[in-house]
């Protein structure tokens, strides 16, 4: 129970502030790395980068066994970082700690990464790419340590330079990726803000009819148009034809028995304060909520297809606009709640 409680709090916090937390950790890491490099001190990048990657995976890792192991490795990485930064140990002991963490982390990566659904392509590509460099860095680190033990300082020094070069590449790629993710997040938030401030209301199935009946429209409507508005509300409450992939305004007019397409369009635009496609998208999203809750094994493309969306991207776009989160985040919050 305690693990579930802590995990729920961690996910809620990290889902919202993950990128900014990673930025803070990464800046600290860069400062420590720069100080160590300039001072010609021993420094191992693995615990830092491994911990940063593990933190980034917490909000999207739904498997409890995977999460439990992830937390343990993360705590180990943080402990090694603290020891490396504030305590002076014998070189052989530091190397042993670094190797222990590196092996545990790499085993976790190769064993469990396929079980974690990483939707963001930038995030997914970054993790695989950086882990390739970390694996290579791990090999060089041990070759360097072995050569120092054999008193071959010249070759060890050259390998050390290569190791520092790889660390620099990892830092550079990490900076670019992190800022790209932050910019994408800010753009998404701005788009959501514009949508929410320009939209009159985020309609729910049980609220649409009351909205139509009780609202006081600025534009004057005829009695016939008010009747059409009520027909539209009744249709979306009782008929699931809007789940058809080729559902159109003409099809809606046929089903509510209205010949004047322009009048129906005007009622949707002016009375409901939305467009036909946005209205259909909202009802499809509402229908998808139950599927996301009950069909936990369904992938997003199956849910999108069942709800009438032609692609997963379209489904995500309307879902975020309506619910303020992605389908996977909704499913995750429901499971944790």
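Yeah, the Cβs are placed from backbone N, Cα and C, and that goes for glycine too.
According to TrEMBL, the feature transmembrane segment maps to 20-39, 45-61, 73-91, 97-114, 126-149, 169-188. If you look up TrEMBL, you'll see 230-333 marked as domain 'HTH araC/xylS-type'.
Model confidence over the domain 'HTH araC/xylS-type' (230-333) stands at 88, taken as the mean pLDDT rounded to a whole number. Across the domain 'HTH araC/xylS-type' (230-333), the DSSP tally of helix, strand and coil residues reads 75 helix, 0 strand, 29 coil. Beyond the transmembrane segment (126-149), the same-chain residues lying 6 or more positions past its ends with a Cβ under 8 Å from any Cβ of the stretch are 44-46, 49-50, 53, 56-57, 95, 98-99, 102, 106, 109, 113, 118, 155-156, 159-160, 162-163, 166-167, 169-170, 173-174, 177.
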